[in-house]
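Student: Pulled these from TrEMBL:
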type	residues	note
BINDING	76-89, 279-291	NAD(+) binding site
BINDING	R96, R106, R134, D221	substrate binding site
BINDING	D221, D245, D249	Mg(2+) binding site
DOMAIN	4-350	domain 'Isopropylmalate dehydrogenase-like'
SITE	Y141	site 'Important for catalysis'
SITE	K189	site 'Important for catalysis'
Amino acid sequence: MDKNIVLLPGDGIGPEIIDAATEVLQVVGKKFGHTFIFDSQTIGGSAIDLYGTPLPDQTVTACNQADAVLLGAVGGPKWDQNPSHLRPERGLLGIRKTLDLYANLRPVKGFKKLLSASPLKAEIIKDSDLLIVRELTGGLYFGTPSERYDNGNSVVDTLRYTRNEMERIIDKAFQSAQLRKKKLTSVDKANVLESSKLWREIVEEKKVAYPDVAVEHVLVDAAAMKLITNPSQFDVIVTENMFGDILSDEASVLTGSLGMLPSASLAENGVGLYEPAHGSAPDIAGLGIANPIAMLLSVAMMLRYSFSFEQEAAVIEEAIEQCIDNGYHTADLHVENGIKVNTKEMTEAIIAAINQTV
Ligand code: NAI
Ligand code: MG
């Protein structure tokens, strides 16, 4: 079956890991009889340099017509001093909003071989396997006004949500929990924030429709603590945009590296976007040593969620697990007596493992 995939390599290590993604997809396509047609478009800093905007119209048009979108990462020191409308992050926020990608799914699963790669004790993280469901198009990052006033000496940011925006992400989280261990932790700050009070009310209303899912409410500060002291208590965590941003970076330490964490951003009916949870890693860009695994796990999520290619997704995930079990690791991960490889070598090892499966 033909699938049209828009590639948004972006900046820094983005293009390096997108190359790994297309190589793996070509192999998987060949194996399973699919044709993946790639259309590369610009976003972020590289789009600013070429077109003077972080989100060119042709990028939006291409994404809207695609079957799925794969994004590398955006941003870098080159554009840090730009005015806010000319910052790479604007491109990312813009595409999320334009495609109405309200549901950000971030699975966090430790690999046995990488237990020692985390600064946390192995016994704490060994059974961690959780999914963070983060609201992605509302809250503080999008609310207006967001500005300085009083001659620049006062500031305001606005945390705004509608009931509908909360309901759809909470439904998504309940449905995700039904497919997993049927436990949902709703994270909020309901002891202080009005938005969190409505959020909690909606979770309480919704849970009637999902009687098989056990629900708990945890305040975000306590959740931050529990995530690294007892992560195995969590199955699905659902939370608003900024809390989810922070908690998902925190959760990355469970896996040993940000380079291991994939994500899917889904719309109600439109196209899905898949990207690693990490950024453009300017400190290692161009060196060819980036860990491609977060990107490749994102590719597996694309195959599963956008195309319902479950078997194809599983083949990639199993190949990655096998390579890690065999000791392969990139420089961001410490593995005792492991085989340190660069981006290309890791990708080749994963492709070899894919080719071995029947
Ligand atoms: P970052 O995630 O790019 O890097 C943090 C650290 O993790 C760095 O030491 C980096 O080398 C390492 N790292 C990240 N991904 C890696 C990989 N695949 N393999 C090996 N090492 C990896 O976050 P940072 O440094 O805070 O931000 C850098 C730039 O990325 C900024 O401009 C930021 O705005 C942008 N950013 C973009 C995101 C996106 O495109 N979704 C998300 C987060 C940050
Ligand atoms: Mg973040």
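Glycine is treated like the rest: Cβ placed from N, Cα and C.
On a predicted model such as this, the values are computed, not experimentally measured, just so you know.
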Student: Measure from the CA atom of D221 (substrate binding site) to the CA atom of D80 (NAD(+) binding site) and give the result in Å, rounded to a whole number.
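Tutor: Computed Cα spacing between D80 (NAD(+) binding site) and D221 (substrate binding site) is 30 Å.
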Student: May I ask you to report the DSSP-based helix, strand or coil state of A281 (NAD(+) binding site)?
Tutor: coil
Student: Of G76, P88, D221, D245, D249, A285, which binding-site residues come close to ligand 2, meaning Cβ under 6 Å from one of its atoms?
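Tutor: Cβ under 6 Å from ligand 2: D245, D249.
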Student: Quick one: of the recorded positions G76, R106, K189, A281, A285, which has its CA closest to the CA of D245 (Mg(2+) binding site)?
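Tutor: Closest by Cα: R106.
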Student: Quick one: of the binding-site residues S84, R106, D221, which has its CA closest to the CA of Y141 (site 'Important for catalysis')?
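Tutor: Nearest listed residue in space: S84.
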Student: Determine the Cβ neighbour count for R96 (substrate binding site): the number of other Cβ atoms within 10 Å of its Cβ.
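Tutor: Taking all protein chains shown, R96 (substrate binding site) has 20 Cβ neighbours within 10 Å.
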Student: With H, G and I counted as helix, E and B as strand and the rest as coil, say where DSSP puts R106 (substrate binding site).
Tutor: strand
Student: Take the Cβ of G76 (NAD(+) binding site) and count every other Cβ within 10 Å, whichever protein chain it belongs to.
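Tutor: Around the Cβ of G76 (NAD(+) binding site), 22 other Cβ atoms lie within 10 Å.
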Student: If you draw a 10 Å sphere on the Cβ of R134 (substrate binding site), how many other Cβ atoms land inside?
Tutor: 27
Student: Taking the Cβ of D249 (Mg(2+) binding site) as the centre, count every other Cβ atom within 10 Å, in any protein chain shown.
Tutor: 15
Student: List which of the binding-site residues R106, R134, D221, A285 have their Cα within 10 Å of the Cα of K189 (site 'Important for catalysis'), in sequence order.
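Tutor: Among R106, R134, D221, A285, the ones whose Cα sits within 10 Å of that of K189 (site 'Important for catalysis') are D221.
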Student: In DSSP terms, helix, strand or coil for D80 (NAD(+) binding site)?
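Tutor: DSSP call for D80 (NAD(+) binding site): coil, neither helix nor strand.
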